[in-house]
Amino acid sequence: MKDLLKFLKAQTKTEEFDAIKIALASPDMIRSWSFGEVKKPETINYRTFKPERDGLFCARIFGPVKDYECLCGKYKRLKHRGVICEKCGVEVTQTKVRRERMGHIELASPTAHIWFLKSLPSRIGLLLDMPLRDIERVLYFESYVVIEGGMTNLERQQILTEEQYLDALEEFGDEFDAKMGAEAIQALLKSMDLEQECEQLREELNETNSETKRKKLTKRIKLLEAFVQSGNKPEWMILTVLPVLPPDLRPLVPLDGGRFATSDLNDLYRRVINRNNRLKRLLDLAAPDIIVRNEKRMLQEAVDALLDNGRRGRAITGSNKRPLKSLADMIKGKQGRFRQNLLGKRVDYSGRSVITVGPYLRLHQCGLPKKMALELFKPFIYGKLELRGLATTIKAAKKMVEREEAVVWDILDEVIREHPVLLNRAPTLHRLGIQAFEPVLIEGKAIQLHPLVCAAYNADFDGDQMAVHVPLTLEAQLEARALMMSTNNILSPANGEPIIVPSQDVVLGLYYMTRDCVNAKGEGMVLTGPKEAERLYRSGLASLHARVKVRITEYEKDANGELVAKTSLKDTTVGRAILWMIVPKGLPYSIVNQALGKKAISKMLNTCYRILGLKPTVIFADQIMYTGFAYAARSGASVGIDDMVIPEKKHEIISEAEAEVAEIQEQFQSGLVTAGERYNKVIDIWAAANDRVSKAMMDNLQTETVINRDGQEEKQVSFNSIYMMADSGARGSAAQIRQLAGMRGLMAKPDGSIIETPITANFREGLNVLQYFISTHGARKGLADTALKTANSGYLTRRLVDVAQDLVVTEDDRGTHEGIMMTPVIEGGDVKEPLRDRVLGRVTAEDVLKPGTADILVPRNTLLHEQWCDLLEENSVDAVKVRSVVSCDTDFGVCAHCYGRDLARGHIINKGEAIGVIAAQSIGEPGTQLTMRTFHIGGAASRAAAESSIQVKNKGSIKLSNVKSVVNSSGKLVITSRNTELKLIDEFGRTKESYKVPYGAVLAKGDGEQVAGGETVANWDPHTMPVITEVSGFVRFTDMIDGQTITRQTDELTGLSSLVVLDSAERTAGGKDLRPALKIVDAQGNDVLIPGTDMPAQYFLPGKAIVQLEDGVQISSGDTLARIPQESGGTKDITGGLPRVADLFEARRPKEPAILAEISGIVSFGKETKGKRRLVITPVDGSDPYEEMIPKWRQLNVFEGERVERGDVISDGPEAPHDILRLRGVHAVTRYIVNEVQDVYRLQGVKINDKHIEVIVRQMLRKATIVNAGSSDFLEGEQVEYSRVKIANRELEANGKVGATYSRDLLGITKASLATESFISAASFQETTRVLTEAAVAGKRDELRGLKENVIVGRLIPAGTGYAYHQDRMRRRAAGEAPAAPQVTAEDASASLAELLNAGLGGSDNE
């Protein structure tokens, strides 16, 4: 018996492995896997249902059909195991060997493997350096290929048609060797000398100069080297033996009625075997060449179909006209092996049901129906029943449970106590979509859910369903309790704010409770404390809203963390005093002494968590909920039609608007305004009228007039139910109330244009048929949009998770000094995001100094928590350099200091945290809230876009950065630099506003001057770009010849004449090469130099420039010499919402990107070509100039002779992230992507921490291109993993050699996922065939570093609680110990969990 157990145990243990290698299989290898050759296409005998011998299901090859029983029945039972029956030849063993034993087919003629032939780029084609078409013609027997030229004039690999071959045969006889079919290709591959070829190509690479040739050569060298290094032989890409999949993986199941259901693979295999056998017979008979050839072609096609059906030609179809599923189809796509079975599996011990509210539950509980619990916990109940001796056997226990005896329910109670269950609601968009709860048994059939976790699940009770899972092992229960319990997930991992926040009823209840009311019952009383307040309210002697004085005892934490009591009399209301009873000790009374809206409640919970920690917060949240529900019920707030008060003014506002519209209509008919202007004006009028109506309505709802105690009238905030719901943030918004009681306003047509007659009615008045019809479009579009949005958002999340899945925190501190400069986000006149929000929870990269001094305010490597941020604000610091994931130097993963605070826990992040996945979920989860549309700018919006001045909002002093300016004749500053920024600094030195100032703007105030709020500080003409002189003197025209380069135009209205420079297209032949310019000379006619340089002041004029000066006029610096009209860019669509985020992460180039200067230097224009001009930048140090062709229609921001810095904008447009990376570096591109993504989310009011976006950017910057290989093994121009280059360079520099130089690459997230080092991860993402083909040829090893690879091969992931296991494995391997038995005991699990949890508190000491 013992050895039997040993035998069974030995069967279950799997090998431990560190990596997975994929390579080409040699024919011998295939034969070594095989247990026999499949010779017949038969499958099962349809009468006996026994497999046919030598067929596709043969028991002799693949193993017995029944456990421990041979086919003929001679040997049965376990005692014969291992015997091979002499009659039927079947080995007596378990039947599961039919899942692992393979067979093979000896092919009568070699066959090309379609993956290496047709998967682009074709590996066979690249290796032989032959075009794919030629190879195909050879393989499918259309032409011959020369294998050995011999002494003839035929080249090796030359393609010959049938006629050419016959001619050559006549001419040379058997001097040469030419064949067709796969044999020919096989012969060519066999005769290749890879190493010699490699040498030859490297020599060629050094000699050649052409870019395309280099690219092609590098590709071939890489492929050849891969073959040499991996030990793959090229001829193995041609199959001579075909492996046969084990039969249980391609089952054949008899249905009732004598028919069979079968896997498509069986059909495909049968085809191959049939054709192969026919070919063998033809060869034995020495049939005519043409017949054999045809049969060989058919065999090739059959094998192609088996490997990848439909890749070449038409797909082979089955009986029902649908293409058969080949081996390639089995693994790729959503239904393939990777995504269907390896990355997502179905789980046992689970149930699902509808959810309902459980308002009486505690936060860590959920209500579980008894029926469900009984079913889910069955094994536990059986065990307990046996343990108690209530049932003798499992069978008896089963009977008891089925009969539902009374004792079973008692046992169930015991089993369930302290055994958490997991609740999951699909779609699980972030990690809070699965949380653990303690079950409470309930009657009924619906799961009860705690109302506060609804926000995290995004659940409501209109029929949502949820799934329950039972964690079985002790470790699983421990993890569920310690990490996944709902009470441990109070903060959202996306932004670190509480996610357990009351909403709807609870908010309304608390708001109602904390409102005050003039002259309420009991006003003016003085009470001894909250208890008395409650007594008075309960006995009906005082109203909840009465303004009273109450004695309140507050507790405050002192320096030692002790609570100190402080009692005082507070002006407050009865309701607030009652609410104070549930507030935990340690919070100030001011927290509840206000009308509590949703924001205030959220802030209250956040403060509680930061001051008092987790436990009090959880208890407080529960109390808030119970109280809120109770008082919401007491309030009796409900919606009646009379609550929607329509303002009296509405009628007159609308009639005024109608009168204005009629007036504009008259103007249009008399031809004073164009149709477009009329339309825009009408829409503006109605939009304004709508705003006026809604303002009147809100004013009306907001306040009511009441009589106070002294009998005077007094205004107070209204108790209108609808208004209270909106004001508290419980439900609804001003915009929705406007539709109920104001007017519905303007509607859009299906094409997106606005209908100029608005819906003047509201929902209380009701809509007429036309109005109803107009509004149906918007409603329907909303629904269609939502459906599209969900799919797109899900796909974005999938790509993000895929690119970031292997990023894990792997060490505590790498000691990087690099970092990102953080400044507040300021757009125009308002601070969109203050500095504290951006740096909270980050680690400083260098000491932060007190502004204006050398005192250190915050030392380097400090985790900035709330108190530090307060300190920064007090000292008005407006820039802090913080560590960032993008600049972290850790090789694989990142260090904890570069990441900073774990947002969901509030302390520095632990090692082993999967920050990549968290980042992906945080960005993807709000994706469904983003809009899908692109904004068409037209009408009112476009006119506001052309700004012409800067008006500041606050008072303060002006600060100009990177500015060049001159003073004009009237003493004002004129800006002559391109990217000038104007900031407004308040008296504390904080930046309040920030504006871009264009070239040629005239400043009213200089740098450092004080301004008052509302003052205009800069003006410019938005429609023309001036040319400003920087020196004083006399104007001298050069090359300005009337009729050739310029033409005179006279303005009809003013009679002034001006010169217009002709575009080179409009000039005569003689004027083509002339360069019209204005030169500034002094009184003696000598050139005036530009100050600070030795360049004469000469201003070249582009085409269309307008000059309003005459030759020889005197001018002074800062004057306008010429004006260049700016064509406004027309109406450009702005991509917004989800598509914009996807574009940023995919790093797509915009349609017309900004042109940036590649190097620093002086701009000049070279010879023009048709439609393009040549921009030349000459560096000051005299190195090679840089040239670029720019289309004529691009508006340039620079003049000839101007100096530009590398990365400056030469022509406006959206900037391409690749250019930013190349010219301004990693930090600039990070800043760009983070800010752009945040802009989209900020518009929708979604808060996401910058960290998450930086994590994705780090993954987009994973690759680098080698510029110069140095002494390394890399090829020039090769794209390699950035960490590999860093490691290689470190080793080279340690040995005193020259490292490789490289440039960082920015890849889109899809590209980056496919370019990962792990082929398993890439194959399970997209383009499975291509990835696997590439990996096999290169003989890639997958080191199983990421999470996805480990999930696929079925072991613990190297993150979270699995991190310790992997670290332990690494340590053991380094020490050379035997790998430990994989089973982890319960004690180990609890110990490692404790260690993980403590690491967060005190930091673990075992490194």
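Just so it is clear, glycine is given a Cβ too, placed from its N, Cα and C backbone atoms.
On its own chain, Cys88 (Zn(2+) binding site) has Arg53, Ala59, Arg60, Cys70, Leu71, Cys72, Lys74 as residues at least 6 apart in sequence with a Cβ closer than 8 Å to its own Cβ. According to Swiss-Prot, the Zn(2+) binding site annotation covers Cys70, Cys72, Cys85, Cys88.
Look at Asp464 (Mg(2+) binding site): DSSP puts it in coil. Residues or ranges marked as Mg(2+) binding site in Swiss-Prot: Asp460, Asp462, Asp464.
In sequence order, Val1002, Leu1003, Ala1004, Gly1118 constitute the residues six or more apart from Lys972 (N6-acetyllysine) in its chain with CB-CB distances below 8 Å. Annotation source Swiss-Prot lists N6-acetyllysine at Lys972.
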Residue among the binding-site residues Cys70, Cys72, Cys85 whose Cβ has the most other Cβ atoms within 10 Å: Cys70
Rounded to the nearest Å - Cα separation of Cys85 (Zn(2+) binding site) and Asp462 (Mg(2+) binding site): 64
DSSP-derived structure type at Cys85 (Zn(2+) binding site), helix or strand or else coil: coil
Listed in sequence order, residues not in Asp460, Asp462, Asp464 with Cβ within 8 Å of the centre of the Mg(2+) site Cβ atoms: Ile355, Ala459, Phe461, Gly463
Among Asp460, Asp462, Asp464 [binding-site residues], residue with fewest other Cβ within 10 Å: Asp462
Lys972 (N6-acetyllysine): secondary structure state under DSSP, collapsed to three categories: coil
Per DSSP, three-state class assigned to Cys72 (Zn(2+) binding site): coil
8 Å Cβ shell about Cys70, Cys72, Cys85, Cys88 centroid, Zn(2+) site members excluded: Ala59, Leu71, Gly73, Lys74, Tyr75, Glu86, Lys87, Gly89, Val90
